[in-house]
Amino acid sequence: RFEPCTNVTAEVYLRAYLSPCINDCGIYGQCKLLRTNNYLYAACECKAGWNGWGCTDNAEAFSYGFQLLSTLLLCLSNVMFVPPVAIAVRSHYLLEAAVYIFTMFFSTFYHACDQPGIVVFCIMDYDVLQFCDFLGSLMSVWVTVIAMARLQPVVKQARVLYLLGAMLLSMALQMDRHGLWNLLGPSLFALGIMAIAWTARTIRRRHCYPPTWKRWAFYLCPGALIAAAAVLLYAFVETEENYFYIHSIWHLLIAGSVGFLLPPRAKPSGRLGPLPRRKGCGYQLCVNEQEELGLVDPAVASINSICTS
């Protein structure tokens, strides 16, 4: 039985603590903090269709199969860079091929690490993968347009532009990685360099450059249209809801445009270099360049074919 008690004391222990987000938002969310003036706000940013204060409401959550499909689309779409790599190697554009391989590798593993939910695979720190993916994408556009300009015969140190582009793009990405002008700015600058080089070559030759209509009809125009479609999708169509398949299409279009726009291998000039001079006494055989190229009639060629060393 219970009996009434008097003069009874009890000790109560109270422990209070603060947590910015419920259960740290779980595996389907990320805790975000916002500081304004003297106030600090916290909330969960849920992904993969999960909702609720702690991202625990799975009424609209994506299934495991859907998450796996989106990850595979974003990763395997980078295989489209294999044909541009093969074309670059075949045309002796080894620097461009190295940039394409770099882009394909880091884009694949960045998207494997960037996925929400449980279908995630990270080989490096997320920030490192993101920076390398963005830098590789911008460098792929840069080196392709510079290669199209064919500056080497005009500017002896044209390779400096590749290093300059890498440094400027790295600076721009550190300032704002998601800015649209990070893509449009370098692309327009490189296109300006290419336009100047093509115009100068057209004026010097007094003929449109590139000179063949087949190059325009079957390579340059299709490649430019594909690249323009990719930029429009990236700038105006891509959202968080359609990211996984629109961005996969972006991978396919950008890699496909590179395969069309990359110029063919430069043909050798055909000029003969100077003959090596032998040490000591004797005679040196001198070759008349015009006669060697068949531009002079052998019957009237000068006798200055043998020179004293």
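Cβ coordinates come from backbone N, Cα and C, glycine included.
Annotated features, as they stand in TrEMBL:
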type     : residues : note
DOMAIN   : 44-55    : domain 'EGF-like'
TRANSMEM : 61-81    : transmembrane segment
TRANSMEM : 93-112   : transmembrane segment
TRANSMEM : 128-148  : transmembrane segment
TRANSMEM : 183-204  : transmembrane segment
TRANSMEM : 216-237  : transmembrane segment
TRANSMEM : 243-262  : transmembrane segment
Practice problem: Could you name the stretch, out of 61-81, 93-112, 183-204, with the greatest number of CB pairs under 8 A to the transmembrane segment (243-262)? | Solution: 61-81
Practice problem: Using a Cβ cut-off of under 8 Å, list the residues of the same chain at least 6 residues beyond the transmembrane segment (183-204) that approach it. | Solution: 137-138, 141-142, 145-146, 148-151, 154, 161, 165, 168-169, 172, 210, 231, 234
Practice problem: Helix, strand, coil: count each for the residues of the domain 'EGF-like' (44-55), based on DSSP. | Solution: 0 helix, 4 strand, 8 coil
